[in-house]
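Feature annotations, courtesy of TrEMBL:
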{"type": "DOMAIN", "residues": "52-108", "note": "domain 'EB'"}
{"type": "DOMAIN", "residues": "128-164", "note": "domain 'EB'"}
Amino acid sequence: MGSLSVLLPGSPGCSHSLQCSQAFPEAMCIQQKCTCPTNLPSAVDGTCAQRCAAGEVYSSIAGQCIPTVNPSEQCFYSAQCQTVEQMMTCEGSFCRCPNGLVFSGSQCSQSCPIGYIANSKGICTRGCQGNQIEVGGECLNQAVAGQPCRVQAQCIGGTTCLRGR
């Protein structure tokens, strides 16, 4: 066979089945593409896997189909998050965008659209209403004397936030 390179399942460019079967047993070169055997028909993450039902995705780490989850929902594996947005990872048991990016509703972005703010999980949500202020990604009600407050910025009319009021 000479110096033909070993190719992972799903990879194009093979000319001989041995290139494929060295990476995964029973994988074959069909129409110049390394194809998985019929008992594990899906090429995922460089391996062959079973086909998953709707609402599931194959995890090469778990070695099985697992439920998909939406951004900000609880996860165990990054593959669960990546059906919605390829860049998302499972971080701290929640699906999040990487490197300080936020999820804008359809993709990971640098910032939220106008009128939206990022919550603690990095998901853009509707912004604050007219009688609220945004503090650390959270909407807090403005407060007058005697009303509950957490930070001085909530207080209006020259009042001060002392002991939560």
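The backbone N, Cα and C atoms fix where each Cβ goes, glycine too.
Taken residue by residue, the domain 'EB' (128-164) breaks down under DSSP into 3 helix, 10 strand, 24 coil. If you look at the domain 'EB' (128-164), the same-chain residues 6 or more away from its ends with a CB under 8 A from one of its CBs are 117-120. Across the domain 'EB' (128-164), mean pLDDT in this model comes to 85. Summarised by DSSP class, the composition of the domain 'EB' (52-108) is 4 helix, 18 strand, 35 coil.
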